[in-house]
Amino acid sequence: MYDLGQFRKDLQQFDIQLTQQQENQFIRYFELLTEWNEVMNLTAITDFDDVLKKHFVDSLSLVRAWPQIRERSAAVIDIGTGAGFPGVPLKIAFPQIRLTLLDSLQKRIRFLNELSTELGLQDVELIHGRAEDYAAPSKKREQYDLCVSRAVANLSTLSELCLPYVKEGGYFISYKSEKIAEEAKAAEHAIFLLGGKIEGQKEFILPDSDIYRNLFMIQKVRSTPKRFPRKAGAPAKDPLK
Ligand code: SAM
């Protein structure tokens, strides 16, 4: 049997109380993640308590920066979602959101497809492709209230990949695991060019741990100029300055 005591305690600190069904979904997520991880590279973290803390609690820490997710049926996109972080834990805890998960690796999308079916998740769209290629006006440009991304790229690159997806007035929130004063400074002009405005950052330690977390918040204040994002590969190879 799985012991969810610490998980429940951690989530209390975020004012999140899960139903039995949601707890079962998280357990099943853990099982599928570790099963599929035997045959494809999804995560280096496989211990039950570690997955709960470093993947699930960490993903849900978003409520510290964007509490609106509790009430709104917001349109949310997770860029470079990998095995579903942070998007899938957010969808389990806040089932009313409309979620898009995007990743350039086909095998990860296959896993997410199976996961969504097994967990019975509704209103989840999976996109296999590069972030640079789906931000066209005929695709997903400026359609989201919130774009999230964890462990994908530096802030300048990430802003070019993510801000085009966000509606004016919406937010891009980047999960960072260290202090990013220099990285933020280097990305300032890029964020401006892309129509964003740095709103601030929420820094904290994950509950009952020594894991530092920084949620860096950018508001979209103007439409992103058509020339962004540049062609696939350019944002990472030659970050905007
Ligand atoms: N967000 C997940 C997490 O925190 O566990 C996965 C992080 S993993 C280190 C980075 C992911 O970003 C990979 O799955 C990779 O395929 C994806 N990725 C990197 N660049 C991308 C791009 N330009 N467009 C779409 N996905 C991208």
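In case you wondered, yes, glycine gets a Cβ from its N, Cα and C as well.
Cross-referencing ARG28, ARG108, ARG110, ARG150 with the S-adenosyl-L-methionine binding residues that TrEMBL gives (GLY80, PHE85, ALA131, GLU132) picks out ARG150. Cβ neighbour count for GLY80 (S-adenosyl-L-methionine binding site): 22 (other Cβ atoms within 10 Å of its Cβ, all protein chains included).
The 10 Å shell around the Cβ of ALA131 (S-adenosyl-L-methionine binding site) contains 28 further Cβ atoms across the protein chains shown. In sequence order, ASP58, SER59, GLY80, PHE85, PRO86, SER174, TYR175 are the residues of the chain that are 6 or more apart from ARG150 (S-adenosyl-L-methionine binding site) and have a CB within less than 8 Å of its CB. Most buried of the binding-site residues PHE85, GLU132, judged by other Cβ atoms within 10 Å, is PHE85. As a whole number, the greatest separation of Cα atoms within the S-adenosyl-L-methionine-binding residue list GLY80, PHE85, ALA131, GLU132, ARG150 is 19 Å.
In the three-state DSSP assignment, the secondary structure recorded for ALA131 (S-adenosyl-L-methionine binding site) is helix.
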